[in-house]
């Protein structure tokens with residue numbers, strides 16, 4: 001619920017920014033990249049609202065680095 | 001021109017929407033707590049009843065603490081609930097009370113003796129874990145009575161009985177040694193540290209319980225029922241194993257440097273009468289050492305006291321005061337030695353924290369001893385060395401009315 | 001023309017607040033779990049290790065000169081590889097840390113202060129402040145660091161010096177029990193979080209009015225925050241004993257809760273929470289600034305401010321996903337140092353070697 005509010009809020013604020021960008025007719029790149037990043041954010045947010053489990057980077061990190069950590073713990077006992 | 005105005009308009013609408021959304025959702029309305037939705041708990045008692053916990057809560061009724069109180073209504077309310085965890089019991093209370101219990105002003109936690117013998121670390125876990133509970137309340141064990149009854153009595157000095165109990169415990173720890181005000185911080189340390197075993201003070205009631213539960217208790221100068229802190233309970237790990245009597249409790253306070261001022265009496269030289277000393281400074285330093293591979297502890301007791309009451313027939317001069325000092329010193333030494341021996345032989349539990357001292361000074365040996373430290377403690381040799389000084393004697397020199405032994409010519 | 005950037009004093013204060021931010025609340029617990037009562041020795045060892053390792057970063061700063069980190073990276077590694085490494089580095093290190101720090105903050109606030117508040121509210125509130133700060137620029141953040149630094153120091157002093165009467169220094173004995181190994185284990189954690197994140201400060205080198213002042217900022221801030229950590233760790237362990245410290249989730253908050261003198265000087269632990277909020281703000285500001293500036297350079301955009309809001313939104317969403325519960329944070333801490341070493345030791349070492357190789361080739365007359 002709250003996430004939905006924040007998403008809407010972010011889109012609204014971004015819109016204000018967007019108008020500024022459009023007005024100055026600046027580089028297309030800026031508009032493209034910032035909108036696509038916003039799109040990624042909104043999609044992730046909506047996924048989260050629908051309780052879709054998003055992949056977390058930490059599980060990968062934990063998996064890869066756990067052997068090193070265990071080895072160091074044994075070494076430093 | 002119009003496009004700028006339109007732009008300004010859009011900006012305004014955007015900002016307004018943003019501000020509105022923010023105030024609606026982020027102003028922290030989730031955790032508001034109205035004062036009249038809270039029942040402030042000042043004491044909790046936990047009894048062991050049929051494998052469950054019976055939790056008794058003493059709460060304050062704030063409107064009865066003000067000047068225009070209704071004399072018929074009492075300022076505290078007692079609620080009692082049974083459940084298998086403390087957390088559940090506290091929430092269950094809302095079925096009887098119109099308010100949620102607020103734990104941040106807790107003054108006192110009481111355990112039933114049966115609960116204490118069963119192990120206190122389980123009920124304490126909730127109080128350690130909850131964020132509302134603060135680490136500044138004291139813990140005690142009730143002897144011979146349920147905590148439900150102890151929390152319901154009407155106390156003579158304060159309107160809130162938990163406040164009376166809390167203050168009495170703190171004051172008596174300072175001024176009369178055989179009690180120990182253990183707060184939850186110290187309990188945590190005693191439970192995790194494997195060189196110390198926990199202790200808790202005992203609380204008992206003296207008098208007629210039925211009369212003490214009503215306001216009649218304080219309607220005349222002598223109350224029918226009053227409370228008394230008595231004895232220090234010895235715990236092994238987290239279970240109560242026994243109680244120390246008064247001299248042993250007193251020397252426990254000495255050895256652990258809890259004493260800030262106390263009074264003791266010693267037998268006069270040459271007669272059965274006694275004289276009283278007020279101790280103003282007491283410090284026991286510990287010197288652990290190893291003799292023949294086993295631990296040995298030397299306690300050096302630095303005590304400084306004043307003569308408070310003399311019933312003896314002697315004159316007080318610089319020779320006799322040395323005599324009194326020797327007698328007092330001998331008595332304190334024997335009290336301390338005997339009590340440590342009592343604890344060693346009767347309970348075999350290191351409540352003084354000697355284990356922690358050995359850990360700090362001899363870590364290598366400690367690693368071997370730590371698994372059965374209580375057995376080591378039970379056989380440890382203790383040496384007590386006294387450094388006792390009597391300094392002041394009060395306003396008068398010799399007791400009035402004594403026959404002068406020798407007149408100075 | 002005076003380049004609007006950040007003065008050395010402001011940068012020092014910002015870096016100090018950055019380093020305090022992460023470890024103030026959580027680290028005494030992990031340090032005490034590894035090195036027990038010698039946790040303060042871990043702090044000392046960390047400072048020594050950091051001073052030994054700092055030439056790594058100082059040399060890179062010198063080599064960077066006036067270039068931004070991105071230009072330096074592409075100069076070393078070539079355009080395509082440089083940009084790819086940059087983007088991967090940004091997502092994997094500062095952006096991930098951003099999520100973790102947000103999660104830390106909301107965990108703390110919802111555990112200790114507002115249990116019924118959903119974590120999104122905490123995230124959103126602090127992100128609004130961070131977004132405004134980052135869009136305003138480095139100068140503004142530097143100035144606010146200057147202002148808030150003394151408040152933070154004052155609050156730390158009030159909080160921890162009030163504990164002096166109840167400290168028991170025998171809780172710090174025996175020293176060196178178990179030898180150096182546990183102390184070293186603890187110092188690895190402290191080194192990685194927060195000290196080795198100084199590789200992120202390299203992003204700020206071009207903002208200095210004089211690039212050689214960066215080194216001074218770094219050393220001063222490390223020493224200052226190290227001293228503060230030392231005081232805090234000694235105080236916490238001496239007040240609570242190591243067994244209790246290792247078992248508490250937020251030991252510094254708890255230890256300030258125990259202050260109670262004369263029935264009046266008590267119950268001000270929320271002060272520690274405020275100063276943690278301030279330091280977390282500077283942490284989030286630096287991280288978000290690094291990510292936006294780096295990403296903007298990588299895709300060759302002039303104005304990085306346009307990317308701030310989308311990135312903050314992604315951060316807001318991912319902060320909830322990154323770690324599901326508090327015990328997973330505690331276990332993640334065990335592997336986190338080794339992950340950080342990849343980005344903050346291996347990567348700079350590679351960059352240095354490439355730099356030397358290029359210079360050697362340059363000296364041999366081959367044009368680069």
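Backbone N, Cα and C define each Cβ position, glycine as well.
TrEMBL entries are annotated by machine, without manual review.
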Subject >> TrEMBL annotation (transmembrane segment) - matching range among C:187-205, C:206-224 >> reply: C:187-205
**OP:** Return the stretch with the most CB pairs under 8 A relative to the transmembrane segment (C:80-101), choosing among C:12-34, C:121-140, C:147-167, C:226-250, C:304-323.
**Re:** C:304-323
**OP:** For the transmembrane segment (C:270-292) and the transmembrane segment (C:147-167), decide whether they are in contact, meaning at least 3 CB pairs lie under 8 A, counting pairs 6 or more apart in sequence.
**Re:** yes
**OP:** Using a Cβ distance cut-off of under 8 Å, indicate which of C:121-140, C:187-205, C:226-250, C:304-323, C:335-356 has the most pairs with the transmembrane segment (C:147-167).
**Re:** C:226-250
Original post:
Between the transmembrane segment (C:121-140) and the transmembrane segment (C:226-250), are there three or more C-beta pairs closer than 8 Å, counting only pairs 6 or more apart along the chain?
Top reply: no
Original post:
When you scan the chain for residues with a C-beta under 8 Å from the transmembrane segment (C:40-60), skipping those not six or more beyond its ends, what do you find?
Top reply: 31, 34, 72, 172, 175-176, 183-184, 186-187, 190-191, 195-196, 198-199, 201-202, 214-215, 218-219, 222-223, 226, 229-230, 233-234, 237, 345, 348-349, 351-352, 355
**OP:** Select the range from C:12-34, C:226-250, C:304-323, C:335-356 that forms the most Cβ-Cβ pairs under 8 Å with the transmembrane segment (C:187-205).
**Re:** C:335-356
**OP:** Tally Cβ pairs under 8 Å between the transmembrane segment (C:226-250) and each listed stretch (C:12-34, C:304-323, C:335-356), then give the stretch with the top tally.
**Re:** C:12-34
